[in-house]
Amino acid sequence: MNIEEILPELFGEKRVYYCQRCLNHGLREKRKNHKLSCTFRFCQCSNCIMVERRRQLNSRLMQIDGSRDEKPMTTLTMALTCSEEDQMECTSQSETTNESSGEDKDDGKPKERRPNCQRCAQHSVVNRLKGHKRACPFRDCFCAKCQVVVERQKLMADQIKLRRRQKREKNNLNSEREAPIAHSMTPSPIDTVTTTTTPTSETSTPMCLKCAQQVIGYQQLLSLLDPSATLQDPMITLSAVLSACPHKNE
């Protein structure tokens, strides 16, 4: 019996994994045949150090298993050990992009991932992780392999937090870029006022220049002849003359 028959969920679909170092710096490069050409191969930032540390822990697990059994790690144990790392990468990739890199879709629904308990895996026992934490027989195990598993899980949790933070930052950046476009498409209050007041000015009664000059001249002449005379409101007089303007039909 081969590994495909033992764990068909690991080989049921072709998955595409991306370089974790490049993801730390906002790039998406396929992991296959990428190691030697990776731009961040020797990067020593805190995020890339987490990636390297997790790889060291995986190597440490293999060394412990090989030294105890005095034989290479079994295929089953290797698959269970590597599955957690692959599942974490699937989770981090799906958190970073909307494209599903670690899960296939069937009828528009994402395929459910079913991770195994890594503590049990180190003791050659297969148990599904969901609802298993409190009932795990190796919950309080302090063997070297379980201690490495605990440290690796902490690193993986930190990396998932990093991917989620990167996703939030990317979404915020996209929102800031879309905001000016939406604002430019929204009519401003000034334009609205101009649009609403323009018809009013066009429909208002046009002022007759001849009648206005006559009213002003009449008022000036009357003030010269009798300065003590009390005049009514000039605007009322002007509006009365304009309303009876004989030049409207000209």
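Backbone N, Cα and C define each Cβ position, glycine as well.
Annotation comment: Swiss-Prot describes 19-68, 117-164 as DNA-binding region. Marked as region 'Disordered' by Swiss-Prot: 90-115, 166-201. Per Swiss-Prot, compositional bias 'Polar residues' is recorded for 90-100. Annotated compositional bias 'Basic and acidic residues' per Swiss-Prot: 102-115, 169-180, in sequence order. Sequence annotations record features per position, and here Swiss-Prot assigns compositional bias 'Low complexity' to 186-201.
Under DSSP, the residues of the compositional bias 'Basic and acidic residues' (169-180) split into helix, strand and coil as follows: 12 helix, 0 strand, 0 coil.
Per-residue confidence over the DNA-binding region (19-68) averages out at a pLDDT of 87.
Sorting each residue of the DNA-binding region (19-68) by its DSSP state yields 28 helix, 1 strand, 21 coil.
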